[in-house]
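J.: In case it helps, TrEMBL gives these features for our protein:
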DOMAIN    8-279  domain 'Tr-type G'
BINDING   17-24, 85-89, 139-142  GTP binding site
Amino acid sequence: MSFKTEINRRRTFGIISHPDAGKTTLTEKLLLFGGAIQEAGAVKSNKIKKGATSDFMEIERQRGISVATSVLAFEYEGIKINILDTPGHKDFAEDTFRTLTAVDSVIVVIDVAKGVEEQTEKLVKVCRMRNIPMIVFINKLDREGKDAFDLLDEVEQKLGLQVVPLSFPIGMGYDFKGIYNLWEKNINLFSGDSRKNIEETVEISDLKSDDLHKLVGSKAAKTLQDEVELVEGIYPEFNKEAYLLGQQQPVFFGSALNNFGVRELLDCFIEIAPKPRPKQSEERLVQPDEKDFTGFVFKIHANMDPNHRDRLAFIKIVSGTFERNKPYLHVRNNKKMKFSSPNAFFAEKKEIVDISYPGDIVGLHDTGNFKIGDTLTEGETIHYKGIPSFSPEHFRYINNADPLKSKQLYKGIDQLMDEGVAQLFTLELNGRRVIGTVGALQYEVIQYRLEHEYGAKCTYENLNVHKACWVEAKDVKSDEYKEFLRVKQRFLAKDKQDQLVFLADSPFSLQMTQEKYPNITFHLTSEF
Ligand code: G4P
């Protein structure tokens, strides 16, 4: 196959949802279609189960699972599909945000009964900021849920999307009869006794025909006719260009658990979802079909074996081909590196590969050379943009509990931060280190890993911080800025990139500070 054909047949995407909406179940059903797995239950959820917050073995076990499910690749109808795993647990939201820099599109899963939930809102917001094409899958139609129109309204309101239903449910819960596919103009009947099977569909070219009445009964047929008329009246026609620009989001209904509505979703996905897209670097826009390889690190995963401190760095290939044993430039370190055993990922295993194409992910063994956001090229100096840090939600001082092991502690902190486990801030006033995290769970993970991987011990001390704000001054020489630095010294810190951060202790103090220093901007993300 030619280089161009290889690029054009790749689809790299992520599935995002609030925990429990059905992301794992849907992933599994997609893999079943691809023949990548033989039976349901083969894909392990990597979510941290409720109540597992202080169970270190559980965290470790889950970490192991999430290596295995980081990338799930399979072939369907000649298309190479790469699903990138995005943890749903809110404590690992940063991980998901970073993964979203490596996808070309996403599928958003929503529980029909619960509607739009908090985590979905946050993740979709990030996708909207980046104009990532999104398809919405409304799941669990076999259960009683919200009215389809109300739910579509909610999706538009809360997520700020412009939805276009491409399928529509016939009944719901106990009365769920099936799905009318507006895309293919056919009906997929849901039957109680064959729930676990891949369904047969019935072509319906005219909703007013007797066939529909015979299939679903006259009451349901009438309702469907009215609803489809309403859908066609309210919603715009599907426009692939608008979808690709992130301006319109097609919606499918189904039940992942029952493998219902999933084939329709997948068939539409491979037809409309984008092939690998060009990516902006600080220097220029890079096209996937350029000859020379470029790629960037979006995720680093520590090895499960505490005796080997090596890690797996996940690289998204943006352009060219990545080849085994070929020297590449690590741009930040300005160093050539060769990789003898790059891993490619398949449904449940990883394998050493000789060549990978744009859209693919390779896993490289790393002994501490990589940081999240690093770029690899064939020699050109390129820095890929767009792996922002968000203000953490929790802040604690980290203290050394074993003075003899301070070197180990600092090395451990350094490496864990490079992996993106949490963020480190160093106070300007006294050099004390503050760890910021998205969830409290990370503190336990860090403590555990420092001890087991680095032989260092730490304790934490609470610190009252509301938000970390990256500081941008219009004029760093102005009196206003100098005064700000002097008056707020106690609240200032540097992040790992040496950027100045204001640690606001309350929403009120943030507001006051902003009002007092109008020429300084306080950003809640590191990318502005
Ligand atoms: P997540 O990855 O988004 O967190 O969700 P996951 O797929 O693990 O699904 C969460 C729960 O919802 C699971 O039940 C799963 O079986 C159920 N589920 C997924 N899709 C459907 C559907 O279409 N209909 C119905 N009725 N349920 C669905 P659980 O009891 O929490 O887990 P398990 O013990 O079944 O694994």
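All positions are counted from 1 along the displayed chain.
Note: Cβ is positioned from N, Cα and C throughout, glycine not excepted.
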J.: Translate the DSSP assignment of Thr86 (GTP binding site) into the three-state scheme.
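T.: DSSP call for Thr86 (GTP binding site): coil, neither helix nor strand.
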J.: Relative to ligand 1, which of the binding-site residues Ser17, Asp20, Lys23, His89, Leu141 have a Cβ found under 6 Å from one of its atoms?
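T.: Ser17, Asp20, Lys23, in sequence order.
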J.: Which ones in the same chain are close to Thr86 (GTP binding site), with CB under 8 Å and 6+ residues apart in sequence?
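T.: For Thr86 (GTP binding site), the qualifying residues are Gly14, Ile15, Ile16, Lys23, Asp95, Thr96, Thr99, Leu100, Leu123.
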J.: Counting Cβ atoms within 10 Å of each candidate's own Cβ, which of the binding-site residues Lys23, His89 comes out highest?
T.: Lys23
J.: Please give the average pLDDT for the domain 'Tr-type G' (8-279) in this predicted model.
T.: 84
J.: Can you tell which of the binding-site residues (Ser17, Asp20, Leu141) has the fewest other C-beta atoms within 10 angstroms of its C-beta?
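T.: Asp20, out of the binding-site residues Ser17, Asp20, Leu141, has the fewest neighbouring Cβ atoms within 10 Å.
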J.: In the three-state scheme derived from DSSP, which category covers Lys23 (GTP binding site)?
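T.: SS state of Lys23 (GTP binding site) = helix.
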